[in-house]
Amino acid sequence: MPSAAATGRGPAAAAGRMEEEDDEDGGRGAPGSTAVATSRHFVRCLYAVAFLDLFGVSMVVPLMNLHIKSLGASHTVAGIIGSLYGIMQLFSSTFVGCWSDIVGRRYSLLACILLSALGYFLLGASTTVFLFAISRVPVGIFKHTLSISKALLSDLVSERDRPLVMGRFNAASSVGFILGPVVGGYLTELEDGFYQTSFLCASIFLLNAGLVWMLPWSEENTGNRERQQGKEGTDSFSAKANHDLHLKSVTNGAMASNSLFQSPWIQVTTVLKRIKGIACSDLWDIFLVRLLMSVAILLYYSNFSLALEERFGLKPLFAGYLISYSSALGVVAGCLLGPITRLYQHNTYRILLHSSSLTCTLILLYASAQSIWMVILSSTFLAFSTTIGRTCIIDLELTIGGNEGSGTLLGVGQSVTSVGRILAPLLSGIAQEFSPCGPPSLGVGLALAAILIMNANKQKYCSHGNVKLKNQ
């Protein structure tokens with residue numbers, strides 16, 4: 001039977017500031033310095049996994065509509081296939097996230113990466129609409145590699161470091177999403193370019209699987225114990241936090257070791273019980289805030305190109321440049337989460353409330369803009385507020401729902417976002433019947449509702465935040 005470390009839950013190895021510079025002595029000769037280096041290496045490898053994941057996907061996704069139409073599919077058929085993919089993601093994300101809590105991060109992450117690679121290989125071999133649709137099934141069900149990676153990061157780092165590490169993880173994936181379409185656009189100009197791009201994407205996923213397999217899972221367990229011993233007597237909080245995280249990790253790892261060899265029926269039963277626990281919990285307001293903010297942001301971008309053309313006479317090319325500019329700023333925002341969390345004394349609730357309020361204000365500014373410079377200004381700061389808000393809502397989910405598995409929580413959160421992706425186009429279409437500014441105006445209302453919900457539950461969030469700060 002595999003050890004607790006080999007399950008992929010890996011141990012909590014990051015109490016203390018794992019992603020910051022060492023103390024002035026650099027940790028040389030100090031107990032646990034090897035553990036610190038191992039922790040950094042592990043987390044940086046996960047950053048590489050995030051980059052390669054979205055780099056591969058973003059090469060293919062922008063070309064898929066063109067490819068399916070070249071196969072003879074109508075607009076309706078293409079839309080149905082796209083909707084089926086979204087529906088599969090909606091229902092599978094919760095189950096896969098919960099499954100990763102049961103069998104362990106390592107094996108669930110490897111399974112998702114390899115099955116996604118299979119889907120992109122099938123996509124590269126799709127010469128008919130039917131084969132194209134079949135290729136989307138494994139990807140629709142198992143393309144949750146980023147969610148499981150975030151759950152793994154949550155297992156590895158302390159609550160204090162989690163927003164910083166999550167922000168850098170999101171920044172790494174955003175860089176991949178920026179570069180991928182450029183490479184995909186170049187390859188598609190070649191003969192059979194789409195097929196070559198799909199096979200290259202599948203190969204990148206296989207490379208990612210190899211990277212995950214070679215991660216120092218067992219070393220993380222040893223490094224955590226060494227680090228804990230090195231911290232004892234010098235930093236009581238760090239030692240205590242590290243000890244608690246280590247016990248949690250070993251317990252979860254032992255459960256994952258046993259669950260890996262359980263019958264599929266027992267695993268399914270356990271998954272359903274965990275999902276029922278989430279459904280009956282008091283986390284509804286967190287997920288509702290996430291849904292409202294997701295739909296608000298999606299409404300902002302839903303008719304962006306069309307609205308700029310109708311309101312200011314600008315071509316879609318300008319809108320593309322503006323979206324790319326915002327994506328690049330999102331990467332910068334992810335890297336700035338460390339200083340921001342320190343400025344707010346690691347109070348995630350306050351950061352989320354202020355970033356959501358800023359998002360609401362900026363969407364209102366865009367909806368009422370009289371010149372293109374106001375649009376550019378709102379897009380600039382919106383890139384920061386939305387990136388910070390996405391990271392903070394995940395951190396708040398994991399903090400308040402700490403008794404639940406992080407994979408299950410992130411899976412449910414991803415399902416909530418998928419619901420937003422389904423609702424946003426419908427709401428956008430209805431709002432556009434009234435005005436080109438209708439979708440962002442509706443987004444302002446939804447964001448305002450999310451802010452009111454956060455204010456109504458302020459005591460609940462602050463109680464968690466105060467405990468966190470006292471422990472620090």
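Keep in mind that glycine also has a Cβ here, set from the backbone N, Cα and C atoms.
Annotated in TrEMBL:
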COMPBIAS  1-16  compositional bias 'Low complexity'
DOMAIN    42-461  domain 'Major facilitator superfamily (MFS) profile'
REGION    1-34  region 'Disordered'
TRANSMEM  46-64  transmembrane segment
TRANSMEM  76-96  transmembrane segment
TRANSMEM  108-134  transmembrane segment
TRANSMEM  194-215  transmembrane segment
TRANSMEM  283-302  transmembrane segment
TRANSMEM  322-341  transmembrane segment
TRANSMEM  362-384  transmembrane segment
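Within its own chain, the transmembrane segment (46-64) is flanked in space by residues 120, 123, 143, 145-146, 149, 152-153, 168-170, 172-181, 183-185, 187-188, 194, 197-198, 200-202, 204-205, 207-208, 211-212, 215, which lie at least six positions past its ends and keep a Cβ under 8 Å from the stretch. Counting Cβ pairs closer than 8 Å and at least 6 residues apart in sequence, the transmembrane segment (362-384) and the transmembrane segment (283-302) reach three or more and so form a contact. Highlighted: of the candidate stretches 76-96, 194-215, 283-302, 322-341, 194-215 has the greatest count of Cβ pairs under 8 Å to the transmembrane segment (108-134). Long-range contacts of the transmembrane segment (76-96) within the same chain: residues 65, 68-69, 108, 112, 129, 132-133, 136-137, 139-144, 147-148, 271, 275, 278, 407-408, 411-412, 414-415, 418-419, 421-422, each at least 6 residues beyond the stretch ends and with a Cβ under 8 Å from a Cβ of the stretch. Listed as Cβ neighbours of the transmembrane segment (283-302) (distance under 8 Å, sequence separation of 6 or more from its ends, same chain) are residues 323, 356, 359-360, 363, 366, 382, 386, 389, 393, 396-397, 400-401, 409, 412-413, 416-417, 419-421, 423-425, 427-428, 431, 439-440, 442-444, 446-447, 449-450, 453-454, 456-457, 460. A Cβ distance under 8 Å defines the sequence-distant neighbours of the transmembrane segment (194-215), meaning residues of its chain 6+ beyond its ends; these are 10, 42, 45-46, 48-49, 52-53, 55-57, 59-60, 63, 66-67, 106, 109-110, 113-114, 116-118, 120-121, 123-125, 145, 184, 187-188.
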